[in-house]
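Dropping the structure in here first, questions after.
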């Protein structure tokens with residue numbers, strides 16, 4: 001997309017669109033096996049390999065772009081295939097390294113990287129692209145790829161699959177973690193995995209419903225918020241950047257409060273962890289639903305400034321989802337965290353497809369109520385997911401999580 005401004009690569013709009021979505025297609029291919037692979041093998045080593053592949057192909061992107069359009073698309077598909085292992089791998093490591101009493105804080109902390117990436121990478125890329133010293137857009141790929149390789153070195157040195165294998169962890173801490181972590185040392189067997197119980201588990205359904213709802217909202221806001229601000233509110237480019245960044249910053253700040261607070265009330269016995277996560281999820285789902293509806297109807301061309309506080313509120317309450325269903329994802333079946341994470345990610349990806357399809361359809365129909373319908377759909381999904389989790393969500397370890405085929 002950066003090439004549009006430089007004018008060095010003559011790609012049609014349809015080619016550009018396919019290129020931007022090619023990594024998604026790669027992820028969709030491997031997402032069906034990534035969770036089971038993570039459950040069976042070393043997540044830290046799989047993540048190392050995936051990051052190396054992504055870094056090398058990112059550095060090679062300018063060369064591949066000049067070589068041929070097809071070569072660049074192929075590289076992006078491979079990157080997508082590697083990326084599908086990241087979330088399941090990170091979640092499995094979280095399960096193996098942190099006790100249940102700290103997992104909400106952990107989830108709030110490490111998922112903040114998504115907001116840093118979404119908000120910061122685009123701004124940094126824009127500055128690099130404008131730089132005459134760095135010679136424009138190819139440097140974006142060189143710099144991002146090189147930073148990833150440096151991170152891989154640090155990751156390889158310091159990260160292990162379990163505390164017991166880490167030379168950087170004290171014996172006292174290893175003993176504490178061994179006593180408080182519920183993750184199993186024995187690898188799950190694919191043949192004896194409780195697929196039927198997992199598929200019919202109501203708490204699992206809540207996780208998937210929330211993953212879809214939050215994936216739909218995230219995809220809509222990340223991909224189409226700038227378009228809405230330009231088309232509907234006629235904001236100048238500098239303000240569009242500020243408004244787009246606002247919900248990400250608000251979400252990071254809110255997570256830093258919501259995560260530790262949720263763990264604190266559960267650890268002190270003020271309420272159970274399940275109840276604490278339901279409160280957080282209700283804030284995230286119902287709060288985001290209200291903010292989306294307000295965003296669809298209140299800001300106008302004559303009053304565009306009202307959009308900013310709504311976006312800040314949206315980002316702040318949205319953080320509740322990480323302290324809600326995402327915590328459940330890490331706690332209800334430690335042995336199968338990789339599988340659950342991959343399936344949850346699949347629902348989020350399906351939500352992205354649904355969001356894109358809805359926007360494309362409404363745009364082609366030229367309906368006058370396009371944006372209220374888009375944001376209203378996101379709000380409805382959020383409210384439904386919040387209600388489902390409120391009544392059916394849980395952080396309790398499920399009876400089938402040890403691999404039993406039938407309930408005892």
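Glycine is treated like the rest: Cβ placed from N, Cα and C.
Automatic, uncurated: that is what TrEMBL annotation is.
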Of the ranges 240-258, 259-277, which one does TrEMBL list as transmembrane segment?
240-258
Do the transmembrane segment (371-391) and the transmembrane segment (279-298) come close, with at least three CB pairs under 8 A (pairs 6 or more apart in sequence)?
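Answer yes: the transmembrane segment (371-391) meets the transmembrane segment (279-298) with 3 or more Cβ pairs below 8 Å.
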Do the transmembrane segment (310-334) and the transmembrane segment (140-159) come together with 3 or more C-beta pairs under 8 Å, pairs six or more apart in sequence?
no
Return the average pLDDT for the domain 'Major facilitator superfamily (MFS) profile' (1-396) as a whole number.
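That region's mean pLDDT is 88.
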Counting only CB pairs under 8 A, let me know which of 18-39, 46-65, 140-159, 346-365 has the most with the transmembrane segment (71-94).
18-39
Do the transmembrane segment (18-39) and the transmembrane segment (346-365) share at least 3 Cβ pairs under 8 Å, sequence separation 6 or more?
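Yes, the transmembrane segment (18-39) contacts the transmembrane segment (346-365).
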